[in-house]
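Asks: Quick one: the structure is below, and I'll ask about it shortly.
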Amino acid sequence: MAEELVLLNFFSSAFAMRVRVALAEKGIQYECKEDNLFDKSPLLLEMNPIHKKVPVLIHNGKPICESLIIVQYIDEVWNDRSPLLASDPYQRSQTRFWADYVDKKVYSAGKRIWLGKGEEKEAAKKELLEVLKTLERELGDKVYFGGETIGLVDVALLPFSSWFYTYETCGNFSIEAECPKIVAWARRCMKKESVSKSLADPHKIYNDFVLDAKKKLGIE
Ligand SMILES: N[C@@H](CCC(=O)N[C@@H](CS)C(=O)NCC(=O)O)C(=O)O
Ligand SMILES: *[C@@H]1O[C@H](CO)[C@@H](O)[C@H](O)[C@H]1NC(C)=O
């Protein structure tokens with residue numbers, strides 16, 4: 001049976017980028033449907049009635065929601081190539097721990113940098129740098145978080161590197177100055193076509209989404 005695979009996408013969504021990277025890394029063809037977060041499609045509301053958020057992967061008509069769950073689903077279904085998780089249960093648990101850490105920490109600090117003001121924004125900058133430094137320690141001397149190949153933690157974190165320009169511009173600070181190893185890791189990953197073609201351009205995120213979203217939300 002021919003696989004029918006549709007991604008409900010939004011170009012600047014870090015969560016949607018995770019799914020794009022995972023599918024590209026495995027060389028899976030799919031149809032990408034761009035949604036509008038300010039005017040959601042009936043299909044998105046039907047496929048993700050609980051959260052009403054992108055990304056949603058629709059596989060042969062059946063929806064899968066939540067980016068980390070989608071990426072792990074992809075890894076399980078297409079398990080014959082480029083594994084994103086090891087087979088050992090303990091190693092899998094550790095990979096999931098760090099993917100969950102990224103999930104809980106990076107987006108929320110980043111969001112308070114580009115949407116926040118004053119003290120809240122300053123605290124968020126400090127928090128983001130601390131989180132990235134923790135991740136630098138976890139990366140250590142490895143090429144990728146997954147070791148010699150890209151894994152779930154790389155897929156979880158990479159999209160936020162496309163947002164670094166927005167964080168730096170809105171926060172007036174340099175991530176590279178404080179966390180050079182994470183920036184070097186992101187550059188290393190970008191040398192892979194599966195990554196570079198799947199991530200949004202940082203300037204496009206800022207110019208086409210962030211400035212517009214701030215205006216719509218009545219900030220600045
Ligand atoms: N935990 C979700 C987060 C998804 C998410 O926050 N998506 C945002 C775009 S970045 C969205 O669709 N927002 C629409 C809304 O909140 O109304 C995941 O990992 O997939
Ligand atoms: C941005 O930071 C630099 C120093 O790091 C400072 O000189 C400059 O005044 C800051 N700009 C704004 C708009 O806060």
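Along the chain as shown, the residues are counted starting at 1.
Just so it is clear, glycine is given a Cβ too, placed from its N, Cα and C backbone atoms.
Caution: TrEMBL annotation is automatic and unverified by curators.
Residues or ranges marked as signal peptide in TrEMBL: 1-16. Among the features that TrEMBL reports, domain 'GST N-terminal' is placed at 3-82. The domain 'GST C-terminal' annotation in TrEMBL covers 88-217.
Are these features on the surface or tucked inside, and what touches them?
Replies: Away from its own ends, the signal peptide (1-16) comes close to residues 23, 28-37, 41, 43-44, 47-48, 53-61, 67, 107, 159-160, 162-163, 200, 204-205, 208-210 of its chain (Cβ-Cβ under 8 Å, at least six residues beyond either end).
Counting residues per DSSP class in helix, strand and coil order gives 29 helix, 17 strand, 34 coil for the domain 'GST N-terminal' (3-82).
As a whole-number mean, the pLDDT of the domain 'GST C-terminal' (88-217) in this prediction is 97.
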Asks: Mind tallying the domain 'GST C-terminal' (88-217) by DSSP state, helix then strand then coil?
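Replies: The breakdown for the domain 'GST C-terminal' (88-217) reads 102 helix, 2 strand, 26 coil.
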